[in-house]
Amino acid sequence: MSKFRLAVVQLHVSKIKADNLGRAQTLVKEAAGQGAKVVVLPECFNSPYGTGFFKEYAEKIPGESTQVLSETAKKCGIYLVGGSIPEEDGGKLYNTCSVFGPDGTLLVTHRKIHLFDIDVPGKIRFQESETLSPGKSLSMFETPYCKVGVGICYDIRFAELAQIYAKKGCQLLVYPGAFNMTTGPAHWELLQRGRAVDNQVYVATASPARDETASYVAWGHSSVINPWGEVISKAGSEESVVYADIDLQYLADVRQQIPITKQRRNDLYSVNSVQEG
């Protein structure tokens with residue numbers, strides 16, 4: 001199958017977990033009704049994003065939120081990339097994405113590898129490492145359409161991760177993320193287009209909708225980028241669902257026209273993983 005429909009859900013996230021889960025279910029079902037075979041939710045879709053919230057909203061996996069994701073994926077018959085939730089395991093907290101198949105089976109969990117620790121003077125300081133621990137493995141899953149690589153937000157800044165995913169056969173990279181009002185306008189689209197062009201893959205990002213009253217204001221603008229680096233679908237700042245038809249024949253054509261995979265100087269350099277999930 002050379003084409004399939006992808007949906008990205010840009011969800012409004014509140015402090016009420018039950019509301020977030022209910023709204024996520026509704027929008028995922030809406031997306032499936034529009035023919036989406038793969039649906040992506042945003043980072044921290046079940047809770048506010050912030051170091052002060054991670055412990056309060058943390059769950060075990062399996063738990064309440066992942067049970068909702070599993071049931072929704074099965075009911076809709078889709079692959080559901082469950083954004084991320086704060087996960088508690090063994091006394092540690094993680095920022096974790098769970099992916100479910102059309103039968104409701106948990107396919108993979110991706111714990112955010114690169115923690116968001118930044119300090120831009122006069123604009124934003126954020127230290128995920130104050131409360132979270134980093135993941136230690138790569139995360140990929142198979143579908144009948146293509147192989148998919150998973151990252152979370154800050155992971156997109158690290159080109160090596162995307163290169164390894166592409167090298168291992170991924171044709172779609174998904175990044176639930178919550179860039180902010182400083183990094184969003186500067187780097188959000190730039191990084192997505194860069195990862196897509198560098199690796200000649202599709203890239204999809206899912207952000208929470210923007211809430212100006214929140215302690216952490218997300219940029220929004222969830223997007224899908226094609227292997228040529230074009231933005232083929234993009235949300236605004238409000239809650240919405242955006243769709244894109246992923247055309248794997250087009251991907252193959254781009255790779256044939258500009259054959260960088262064959263032209264790489266593997267005798268001079270290489271990017272390899274040392275640990276996998």
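Quick reminder: no glycine exception, Cβ is built from N, Cα and C everywhere.
A sphere of 10 angstroms centred on the C-beta of GLU43 (active site, proton acceptor) encloses 26 other C-beta atoms. In the three-state DSSP scheme, GLU43 (active site, proton acceptor) falls into the coil class. Positions annotated as active site, proton acceptor by Swiss-Prot, on the basis of sequence analysis: GLU43.
LYS112 (active site, proton donor) falls within neither a helix nor a strand when secondary structure is assigned with DSSP, and so counts as coil. As annotated by Swiss-Prot, active site, proton donor applies to LYS112.
Among the features that Swiss-Prot reports, active site, nucleophile is placed at CYS153, with the record citing sequence analysis. In the three-state DSSP scheme, CYS153 (active site, nucleophile) is classed as helix.
Per Swiss-Prot, domain 'CN hydrolase' is recorded for 4-248, and the stated evidence type is sequence analysis.
Reported as a whole number, the C-alpha separation between CYS153 (active site, nucleophile) and GLU43 (active site, proton acceptor) equals 7 Å. The number of other CB atoms found within 10 A of the CB of LYS112 (active site, proton donor), across every protein chain shown, is 25. LYS112 (active site, proton donor) sits 10 Å from GLU43 (active site, proton acceptor), counting Cα to Cα.
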